[in-house]
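The transmembrane segment annotation in TrEMBL covers 41-60, 117-134, 140-161, 182-204, 210-228, 261-279, 299-318, 330-352, 398-421, 433-455.
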Amino acid sequence: MANRSEESEHDTVLRRSNQGGVLDLVVKRPLRWLRMLVEELHWSFFFGVIVVYGVSQGLGKGLSKVSTQYYFKDEQMIQPSQAQVYVGLIQVPWIIKPVWGLLTDVVPVLGYRRRPYFVFAGVLTMVSMMVLSVHRNLQLGLALSCLVAGSAGVAIADVTIDACVTQLSISHPTLAADMQSLCGMSSSIGSLVGFSLSGVLVHLFGSKGVYGLLGLTAGLIVVVGLLLKESPSRSPGRKHVNEKFIDAGSAIWKTFQYGEVWRPCLFMLLSAAVSLHIHEGMFYWYTDSKDGPSFSKEAVGSIMSFGAIGSLVGILLYQNFLKNFPFRNVVFWALSLSVLSGFLDLILVLRINLKLGVPDYFFIVVDEFVSHMISRIKWLPLLVLSSKLCPAGMEGTFFALLMSIEHVGHLLSSWGGGVLLHALKVTRTQFDNLWLVIVIRSLLRVIPIGLVFLIPNVDPSSTILPADMLMNRRSEDVVETDKIEMTALLNNEA
């Protein structure tokens with residue numbers, strides 16, 4: 001009896017220990033991590049990240065993606081190949097992010113370098129979304145103009161907060177991976193909420209009603225600009241601004257002369273360009289009543305929410321287990337898994353899953369979860385690497401330039417996917433060759449694996465640029481740290 005009692009007590013202690021370990025991993029450790037970032041980087045950093053990454057990009061992406069797909073399909077009545085091309089066109093403002101970054105770095109407005117750009121970005125997004133929401137029978141050209149303008153507003157807000165993130169990565173190099181994880185986590189949680197609500201909201205209010213909601217949430221970006229604590233600086237003359245542009249161009253050119261910079265940039269461009277996007281073709285097939293599963297709006301939104309969960313899991317995996325590994329190793333294995341996950345769509349379209357007794361919804365949810373998790377694990381080390389390639393004083397401009405290179409690749413992949421869908425005659429009602437589109441897309445994903453040698457084989461704690469490029473050589477011509485504050489963002493003052 002005594003032995004049984006001791007064993008029972010031992011089991012109880014062990015069970016409590018396991019529960020405490022799970023609680024520590026799921027709750028306590030993330031809270032300690034967030035508290036550490038708050039203490040090191042100041043609470044206002046979180047406000048900017050949550051609004052821009054969590055609300056504007058995360059929630060906004062979740063709501064806008066589903067609403068735009070149904071807007072093109074049901075309101076504009078266009079083919080999937082056209083929709084794929086137009087989706088790429090909407091991303092053009094992200095390609096010219098260096099322009100926004102250069103403006104925020106060297107051109108103050110009314111004596112301020114950050115606040116006016118947040119306000120302008122919010123107003124631009126609000127107006128464009130409201131026009132889409134209230135205007136009936138809007139012509140395709142005008143509708144595309146509004147979508148591009150809304151995308152531009154989000155891009156301007158993004159590049160403004162990116163400048164702060166990049167500067168902090170230079171001043172706190174050991175926290176570079178943590179900051180990217182925070183940004184990615186905010187975006188993923190926002191996307192999860194957005195995708196979870198998107199199908200229901202589109203069903204209740206229609207795609208144009210969702211655009212109205214996006215216009216309201218864009219007002220938070222304006223709030224960021226109004227609450228931004230930033231010390232005013234004397235507006236430079238036109239000659240002084242021209243000198244700054246020349247200095248910026250010179251710094252960018254000098255930085256790109258380093259092989260450690262242009263090689264990973266080439267990798268990001270090529271790897272994104274050959275990974276063709278065929279999302280619109282798959283969406284039309286999802287909602288087709290004859291050949292596809294004929295999912296409802298609610299089902300489409302919930303499926304995409306599992307993709308957001310996969311992204312969040314990918315962030316957690318990278319943050320807890322992969323962030324200290326060399327960039328090249330993480331990207332290589334993520335690319336290898338990406339090739340395999342691409343063929344899951346083939347199993348679905350050929351209806352092999354039904355022959356195996358696996359329902360469409362369950363299979364698509366797993367596919368969405370896995371593909372987004374792998375994509376996030378592949379992307380995070382490249383983000384951290386990009387933040388370490390930026391010269392001091394040009395953080396916003398150069399980081400935006402690196403991201404625009406990635407967006408050029410995504411634009412090419414989106415247009416390439418549209419051309420492929422059109423060439424193989426995948427239409428609103430014809431999906432006979434969709435399986436071949438998937439095979440070609442998946443095989444092209446092998447190409448980037450052979451290009452990973454372009455990525456530096458260093459870990460996130462390493463310094464890549466020479467020391468002289470990480471120092472402000474002309475303090476009067478750059479944005480001083482103590483003048484770029486988001487409620488004392490870059491200072492540790494309470």
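Cβ atoms here come from the backbone N, Cα and C positions, even for glycine.
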TODO: Select the range from 41-60, 182-204, 433-455 that forms the most Cβ-Cβ pairs under 8 Å with the transmembrane segment (140-161).
DONE: 41-60
Task: Residues of the parent chain within Cβ reach of the transmembrane segment (433-455), under 8 Å, 6 or more residues beyond its termini - done: 263-264, 266-267, 270-271, 274-276, 278, 281-282, 285, 327-328, 331-332, 335-336, 338-339, 342-343, 345-346, 349-350, 382, 385, 417, 420-421, 424-426
Open item on the list: Using a Cβ cut-off under 8 Å, which residues of the same chain at least 6 positions beyond either end of the transmembrane segment (330-352) come close to it?
Closed with: 271, 275, 282, 285, 318, 322, 360, 363-364, 366-367, 370-371, 374-375, 377-378, 381-382, 431, 434-435, 438-439, 441-442, 445-446, 448-449, 452, 455
Task: Folded-back contacts onto the transmembrane segment (299-318), same chain, C-beta under 8 angstroms, at least six residues removed - done: 62, 65-66, 69, 177, 181, 184-185, 187-189, 191-192, 194-200, 202, 283, 286-287, 330, 361, 364-365, 368-377, 380-381
Open item on the list: Using a Cβ cut-off under 8 Å, which residues of the same chain at least 6 positions beyond either end of the transmembrane segment (210-228) come close to it?
Closed with: 47-48, 51-52, 55-56, 59-60, 63-64, 66-67, 71, 112, 114-123, 125-130, 132-134, 150, 153, 157, 198, 201-202, 485-487
TODO: Among 41-60, 117-134, 398-421, point out the range having the most Cβ pairs under 8 angstroms from the transmembrane segment (182-204).
DONE: 41-60
